[in-house]
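Annotated in Swiss-Prot:
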type	residues	note
ACT_SITE	333	active site, proton acceptor
ACT_SITE	335	active site, nucleophile
BINDING	30, 31, 35, 144, 145, 146, 147, 148, 168	D-ribulose 5-phosphate binding site
BINDING	31	Mg(2+) 1 binding site
BINDING	31, 147	Mg(2+) 2 binding site
BINDING	256, 257, 258, 259, 260, 277, 299, 300, 301, 321, 356, 361	GTP binding site
BINDING	261, 272, 274	Zn(2+) binding site
REGION	1-205	region 'DHBP synthase'
REGION	206-410	region 'GTP cyclohydrolase II'
SITE	130	site 'Essential for DHBP synthase activity'
SITE	168	site 'Essential for DHBP synthase activity'
């Protein structure tokens, strides 16, 4: 598709600020879905009527985590097993003059506008209802590359309340509208069409999730590195980057994005391969003479140390690593790579050879505009303790592991 058919973020923000709809897709290079997005506080009955006729999808409203707490919008389910981790809350209807069943165009428009009205409170809504709020991650598209976060970011950047209306666009036959369909809608109704990829780049230029606080030379058993410590504005953690050589050139850089594992990295636990992967990555960077290891404080694939140990207890009772997380009410992997991407951006990394076995990590980092020219395997020979763990990562989480772990029937 020609890029000239994709509108600028600035032009879309102008339209949103004027109370218009825009179409948002993931990336112009992909045959993916598109959503109508607008600022919730600019919604009209005419807009909702148009969306129900032309989009045919589910009317949702993206809110910040703080706004969800203010309005007491609790998660729809305690155990979210949705494929894309969409953070639905309980559905709502507005309690207001003229609102009856909640399903009419007027009723839904009122509910959406009131969700975007800062004077609304928890008692302004009945539950369940006909509008589905979604909780956006703090940090927006720089933390999660999704339409939910895009809706909040776009509303905020347009000078509106940071609450966004979004609705998937379906084809007339009920299937998902694809790129050609979305372009037809764009031209027919004179709407702006933008990509989340461009929004991420726009936010990368103007918003920072992390700030480099200090750096120092660190001699290690694997070699000498420059250690950069970063302060995070979203999770209040201190993250690190071990840097070898000049990584700010156009030549692809050997990179490892490693999440904290205190038990494996520090105490050499045999339950996982984390410590061995960390050591191997540092050795490979030292041998290369140039590279980066980003160390993110995302213990236990993002569930924290205490929950990780609870998961270990469940594994001792027969659960695998995925089942244990789900039994505790978590997804198999809660990590996000927005912070890691910003650290790499700060270091000047443009192209990378990424050391990972995890396809989600490749997709996650590419979503932030980083170019991965090669995936470098980082396989560790299993031991008697972690054999089943590695099989589960391969068979259930899609990790690209070719080691002799057995049949995987566990």
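Using N, Cα and C of the backbone, Cβ positions are placed for all residues, glycine too.
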Original post:
So among the recorded positions 130, 256, 301, who's got the most Cβ atoms within 10 Å?
Top reply: 256
**OP:** Mind telling me which of the binding-site residues 145, 274 has the densest Cβ neighbourhood, counting other Cβ atoms within 10 Å?
**Re:** 145
Original post:
residue 335 (active site, nucleophile) to residue 145 (D-ribulose 5-phosphate binding site): how many Å between their Cα atoms?
Top reply: 13
**OP:** Between the Cα atoms of residue 258 (GTP binding site) and the residue listed as 'active site, proton acceptor', find the distance and write it as a whole number of Å.
**Re:** 14
Original post:
Per 10 Å Cβ neighbour count, which of the recorded positions 147, 258, 335 ranks highest?
Top reply: 147
Subject >> Separation of alpha carbons, residue 333 (active site, proton acceptor) and residue 145 (D-ribulose 5-phosphate binding site) (Å) >> reply: 16
**OP:** Can you figure out which of 130, 168, 260, 333 (the recorded positions) comes closest in space to residue 272 (Zn(2+) binding site), comparing Cα atoms?
**Re:** 260
**OP:** Taking Cα atoms as reference points, rank the binding-site residues 147, 260, 261 by distance from residue 130 (site 'Essential for DHBP synthase activity') and give the first.
**Re:** 147
Original post:
Out of 299, 333, 356, which of these recorded positions is nearest residue 35 (D-ribulose 5-phosphate binding site) by C-alpha distance?
Top reply: 333
Subject >> Rounded mean pLDDT for the residues that make up the region 'GTP cyclohydrolase II' (206-410) >> reply: 89
Original post:
Of all the recorded positions given, 35, 299, 333, which residue's CB has the most CB neighbours within 10 A?
Top reply: 35
Original post:
How would DSSP class residue 147 (D-ribulose 5-phosphate binding site) in three states?
Top reply: helix
**OP:** Identify, in sequence order, the residues in the chain of residue 168 (D-ribulose 5-phosphate binding site) that are 6 or more apart from it along the sequence and have a CB within less than 8 Å of its CB; answer 'none' if there are none.
**Re:** 33, 34, 35, 55, 57, 58, 176
Original post:
Nearest to residue 301 (GTP binding site) by Cα distance: which of the recorded positions 261, 274, 333 is it?
Top reply: 333
